[in-house]
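*Asks:* Pasting the relevant annotations from Swiss-Prot:
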ACT_SITE  K64  active site, proton acceptor
BINDING   S13, L14, S15, T60, N85, D100, Y205  shikimate binding site
BINDING   E76, G122, A123, G124, G125, A126, N143, R144, T145, V146, E147, R148, I203, G226  NADP(+) binding site
Amino acid sequence: MNLAVIGHPIAHSLSPQLHEQWLRASGLFGRYEAIDATPDQLPALFAAMREGDWDGFNVTIPYKEVVVRYLDDLDEAAKHAGAVNTVYKRDGRLIGTNTDGAGLVQALMPYTDFRGHVLIVGAGGAARGIVQALPTRDVTIVNRTVERAKALADTFGVVYTTFDEMDVSRYDVIIQTTSVGMDERSTPLSLEGLRQNTVVCDIIYRPLVTPMLQEAKSRGANIVTGVAMFVGQGALSFEKWTGVKPDETVGKKLIEGLLEE
């Protein structure tokens, strides 16, 4: 089985280690590569997949929207998310899906039943994929650009707020989807008033524990790192390609170990 992740740049990707571990554990012979592709190389890659050279692709930045033109169809998750992170074959056709949102929701299930209020921080592609996958519409969007928050909220029939009006004590689950925190110093919002046992998730996994998660933990929250979404979406992709449900616990330990090195 020949699998790969396509992006640019891609050297930082931990997907090969994760998926090759799952291939070995499942008794499947195969490989998973990281392909640093320029835009002009994309047509040949998808042509090769049609010809049987590849069994599946993950797609990452900056190609999640671009690859749509090379596919035969998108499933509902990809259509709603407006982006593709996984390509698989069915009856010779190339199908695009998006497992980011569903992967995160699945990873959060041990912590919440989603019966309370959910706050989504950010209004970009990641936020869109997560909102469409949530099993609730009791959702509030907050974003630095209010117009984008309103547009996303209107798309999914949820509400939006501003950082000035927001009260974090209202929410049972907070999901941070922006890049704020990658610098290991910044935090996207104030957690003043955060209730104990609130579930706080940051989809960033470098650093493993962001400044926001550090503060949330100090306030008694249940924190979930970006590894949860990374492994969750990867598991759903792996299952699409192989029909095998991989061990996410083992995958999570592997990735956390690599990030802590």
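A Cβ is built for glycine as well, from the same backbone N, Cα and C atoms used for every other residue.
A description of the local structural setting of each listed feature is requested, covering burial, neighbours and distances.
*Replies:* DSSP gives K64 (active site, proton acceptor) a coil state; it is part of no helix or strand.
The number of other CB atoms found within 10 A of the CB of S13 (shikimate binding site), across every protein chain shown, is 19.
In the three-state DSSP reading, E76 (NADP(+) binding site) counts as helix. The Cβ of E76 (NADP(+) binding site) has 10 neighbouring Cβ atoms from other residues within 10 Å, across all protein chains displayed.
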*Asks:* Return one of helix, strand or coil for G125 (NADP(+) binding site), based on DSSP.
*Replies:* helix
*Asks:* Taking the Cα atoms as reference points, how far is Y205 (shikimate binding site) from T145 (NADP(+) binding site) in Å?
*Replies:* 24
*Asks:* Sort the binding-site residues E76, G125, N143 by C-alpha distance from S15 (shikimate binding site) and give me just the closest.
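*Replies:* Looking at Cα distances from S15 (shikimate binding site), the smallest one goes to G125.
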*Asks:* Taking every protein chain shown into account, which of the binding-site residues S15, T60, N85, N143, T145 has the largest tally of Cβ atoms within 10 Å of its Cβ?
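*Replies:* The most densely surrounded of these binding-site residues is N85.
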*Asks:* Any idea which of the binding-site residues L14, A123, I203 has the thinnest Cβ neighbourhood at 10 Å?
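*Replies:* Comparing Cβ neighbour counts within 10 Å for the binding-site residues L14, A123, I203 gives L14.
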